[in-house]
Each structure stands twice: as C-alpha cells, then as structure tokens.
Amino acid sequence: MGTLTTCTLSTLDFNFTVKSRQIPNFRLPKKPKSSCFLCRRSIQSDRVWFPRRSFRRLKCYSSSDNGNNEGESSSSGSSNKSTTDPATTTTTTTTTASTPEVAEDTRTNDYDSDPPSVSSRPPTISPLGPAYNNFQVDSFKLMELLGPEKVDPADVKLIKEKLFGYSTFWVTKEEPFGDLGEGILFLGNLRGKREEVFAKFQSLLVEVTGNKYNLFMVEEPNAEDLDPRGGPRVSFGLLRKEVSEPGPTTLWQYVIAFLLFLLTIGSSVELGIASQINRLPPEVVKYFTDPNAIDPPDMELLFPFVDSALPLAYGVLGVLLFHEVGHFLAAFPKRVKLSIPFFIPNITLGSFGAITQFKSVLPDRSTKVDISLAGPFASAALSLSMFAVGLLLSSNPNATGDLVQVPSMLFQGSLLLGLISRATLGYASMHAATVPIHPLMIAGWCGLTTTAFNMLPVGCLDGGRAVQGAFGKNALIAFGLTTYTLLGLGVLGGPLSLPWGLYVLICQRTPEKPCLNDVTEVGTWRKTIVTVAVFLVVLTLLPVWDELAEELGIGLVTTF
C-alpha cells in the first residue's frame, strides 16, 4: 500500500511580542494556483470567509503509488490540526467552518475520527516567513540592547505615589517622552503655582529615587486650551540622567578641536595676506582671482608678507576667543558645563565661528538666553572697537603707510557697516575704485560679520538658542524658515549666504533640547534685547544694492 503525502498550505499570521512591542503581521507570498511549491503537483483551492478576514486554503495531494488521490474524500473533515516541531515551533491551522457553531461540531467530529496518515518527513514551510520574522525579532532585541535605558516601571509607580497628588499635580495619562520614547510624560491637571510645584517635585525626586532621573516641566503637547491659572498647560517628563545629559568630551573630540584650531590660524593668516592684494606678486594675485588659473605659483613668494599679515590674524583670532570666553563667563555662575569650541575655518572671513555644545541640562529658559547672548555680545564689542579704531586710523593722514588698498565694492556687502564707513571716510574716499583702510578695520568688519552670522535665528546657533529661550520653539521654527529662505535667495550675507546655509543645515540645524523648566517665560527686557539683536543682524548682513550704493556714494558702481 502506498504512502500518502498531504501538503496543506495556509495563510499564516506571525505575531511576536518582544518587551511590549508587537511586530506587524507578515503574509507569505501567494503561490500560483497551478502547482505546489513543495511537490510541484496540481493543487486544489477553496476560499472560506470569516468576519473581516478571508483565508485561502491550498491543498495538494500526491501519492507514491499509482497516482490515485485517495485522501481527497477525507479532506473536508480536517480542521484545527497543529503540528509542533521542537526546533521550529510551527503551527499550521486549517479551518472550514463559517460560523462558531459549525466550527465546534467540526472539532468534535475530528476528535472522534482516526487521524490521517502523514509522511515521516518533518513539516516544511517556506523559509521566507520564519527567517524574515526571526530577523525582525533579533532587530528589535538589538535595538533594546543598544538603545537608551528606559525608566524603571517600579520607579514610575513610586514617583506617582510620592510626588503627585491632589494638591500638586493630578496625573490622568502617561505617554512616552524623549527622542526615542525612553522616558515617561505625565499629563494631568496642575493644582498650584507651576514654579513652586516644580521646585517641590525636584527636591522630592532626589529623596525618593536618588540622583537617577531628571524631571522636566514642559508644555503639554497638543493641548486644546490654556491653564485656568494662566499660561499654557504643563506636563512633567521623566528621563534618566545618563540619557538626558550629554556625555563627556572624548579624546578624539579634543584632537579634532585642536586640528580645527590650527586650520583656523592658517585661514586667519591667509586673510591677512589677501588683504595686501595690491602688494602681492602678479602671478599670486592671478592664481587667487582668476577662476581659470590652474598652475599654483611658488608659495615662497608669500613668506615676506606673513609678518604684515599677523596683526589682522591676531584680530580675527581675538574676536573668536572673546566670543568663547563670553559663553564660559555666563555659564560658570549658572553651573552649566560647556564643551570645548570647535572652530570652523573660512578663507573669506578667517573663521565662521565655533561650535560650542552644552554639556549639562539648562535649568530654565532665562539661562539659555543669557549664555547664548553673552558670546555674541563679547565678540561684537571687541569687533566694534577694532572697527571704530580702524576707521579713525584710516581717516588719519599721518597713518598712510599702514593702510592697505581694498576694492570699494566690498563696502556694499553690509548696509549698516557701509553707512558707518561712508559717514566717517566721506564721499570722496568711498566713491573710488579702491579705498585705503587700516587692517584693524578689516578685522573688525570680519568679526562683526561672523558674529552676525552666528546670531541668525535658526537651529542651535547662538541666535537660534536665544530666540528659542525668549519666544519658544514654535517661534524658532517660524524664524528658521524665514532665515533659510533669505539665505537661499541670497538676501542675507551676499556671496556667503550659500556656504553659510549649507554649514547650518549640516552642523547646526537641530534646535537645542528643552530646559528643566521649559515653561516659565523670560522677562520683557530679555525679549527686547533679543529682538533688537536680530534686527541689527539683518542690517549687518543685508547688502547694499547698486542703485542705493550709487545714491549714497558707497563704492564705485560701474555700469557695463
């Protein structure tokens, strides 16, 4: 008597739960109706409908004898049979009942009947399903292992019992909090003054859980109404300290910062050499000004000009150092840690400034505004001083030997600085092909321009941080979109708008993380200072168009 082999294929739903995460259902690819993918024999197909879901059952019958399909007559009576293998743990279910009552009768009949003859071969299924799902499970396990550590549920229960209550904050809902949902956001109703309640929560949190967590007071997301006591509705976020606080500076970051500082020194010296363009050898000038020049000149020709370029380089580096010292002096009283500065070299201005990160969580928005404005104000003060002294020396007839000739078109790069120069030097000096100025004036001009670029209200630049602290994250988004548009159109910064916009998009586009108290607003005078600073930034970076330059006598406009 021949051995009967029965292959039953069903649409399978795989549901794996790994640490409260459910993987979506994956369905095996549909096979052609003409053949079975196991034995390549003809198949029989029928469809059984259930509420909201349909299952397609494919059956294939193959026999090792004369080809008689003896098992076909008993096919309709099979139901709810599962085959479990210790290695694969695979279950195949075939259901033919269309209602629960019929399904119950069918299961009873199946238990009374003799089990069908099956092959001695182990059950075989398509490798696509289990292999793909196992990969998904391993991926989720890897994400759990490599991802940030989440808040302990036992600590969450303890915090809800010890911190929150009727008289402070009544919790009504919990949601994930953080970039990857590693924290807990408590939503509810505030029952007191927010600053007093938050201060009480911070002290109780240390007593209850130790120094394990940071508690954030933020605006309630998607709140439909304001708080009855005034201001936005608040919620409290809980994150582990190792997740919410930035990590320490690594050795490689120190090495990269040192290399960038060396490159910035080189770009500052190069700016000092380029300022003496009227004294440089013709082949050097042609190489730096002619786009079609290919063969570089002998760089030894530049060595005699290095000494005269150092004063300008010192001025540019001094502005950068003053900027960073201003940040550190403002952060020290607030006990806020800052990273080492990563200077960005630039051959046009000497430097694009530096990237300085917060290495600790800011306590409130006022601290964010103060630290963000301290650096630009310090560098702007030094730059403005050098610019003013340079202007006075440029207008002094006795200092002719120390002056350098620069094209008058350069003064059209800034509306504010161009008007100040025009008022000091006069129409006759400015309305010419070249203008003799002192190197200090060039250093002050470059310092003010670099400071203005860093004060643009976008991303995590100093201006972006200040606007975010003074007016909130939503205001920063609006200011940022406007800034990107003006930079893309070349309205701000002139020829430097594109490289600066790319630099911001690559390195500085992400807004700063929220403060511990990210709800309490800053004072009116801080908002006023930020508004005036942004207005001066626009005037500094706004170029002078030809018609206005010709009318005001800023530069010699040539009409072709």
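Including glycine, each Cβ sits where the backbone N, Cα and C put it.
Per TrEMBL, compositional bias 'Low complexity' is recorded for 62-100 (among others).
The compositional bias 'Low complexity' annotation in TrEMBL covers 114-123 (among others).
Regional average pLDDT for the domain 'Peptidase M50' (313-472) in the model is 89. Look at TrEMBL and you will find 313-472 tagged as domain 'Peptidase M50'.
What TrEMBL records for 61-130 is region 'Disordered'.
Distant neighbours of the transmembrane segment (251-273): 280, 302, 305-306, 308-313, 316-317, 320, 339-351, 439, 442, 446; these residues of the same chain sit at least 6 beyond its ends, with a Cβ under 8 Å from one of its Cβ atoms. What TrEMBL lists as transmembrane segment is 251-273 (among others).
The feature transmembrane segment is assigned by TrEMBL to 301-322 (among others).
The transmembrane segment annotation in TrEMBL covers 342-362 (among others). Listed by sequence, the residues of this chain that lie at least six past the ends of the transmembrane segment (342-362) yet keep a Cβ under 8 A from its Cβ atoms are 214, 244-246, 248-249, 253, 256-257, 260-261, 263-264, 266-268, 270-271, 274, 313, 316-317, 320, 323-324, 327, 334-336, 368, 371, 375, 446, 449-451, 453-454, 496, 499-500, 503, 507-508, 512-513, 515-516.
Marked as transmembrane segment by TrEMBL: 374-394 (among others). Outside the transmembrane segment (374-394) by six or more residues, the chain places 315, 318-320, 322-327, 329-331, 356, 402-403, 417, 420-421, 424-425, 436-448, 450-451, 454-455, 462-463, 533 with a CB less than 8 A from a CB of the stretch.
For the transmembrane segment (406-425), same-chain residues at least 6 beyond its ends with a Cβ under 8 Å from one of its own Cβ atoms are 275, 277, 387, 391-392, 394-395, 431-435, 437, 442, 445, 448-449, 494, 536, 539-544, 546, 549, 552-556. What TrEMBL records for 406-425 (among others) is transmembrane segment.
Feature annotation from TrEMBL assigns transmembrane segment to 476-506 (among others).
Residues or ranges marked as transmembrane segment in TrEMBL: 527-545 (among others).
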Given the cut-off of 8 Å on Cβ pairs that are 6 or more apart in sequence, determine whether the transmembrane segment (476-506) and the transmembrane segment (301-322) share at least 3 such pairs.
no
For the transmembrane segment (301-322), what are the same-chain contacts with Cβ under 8 Å, counting residues 6+ beyond its ends?
264-265, 268-273, 275-276, 279-281, 283-284, 341, 343, 349-351, 353-354, 378-379, 381-383, 386, 439-440, 442-444, 446-447, 450-451
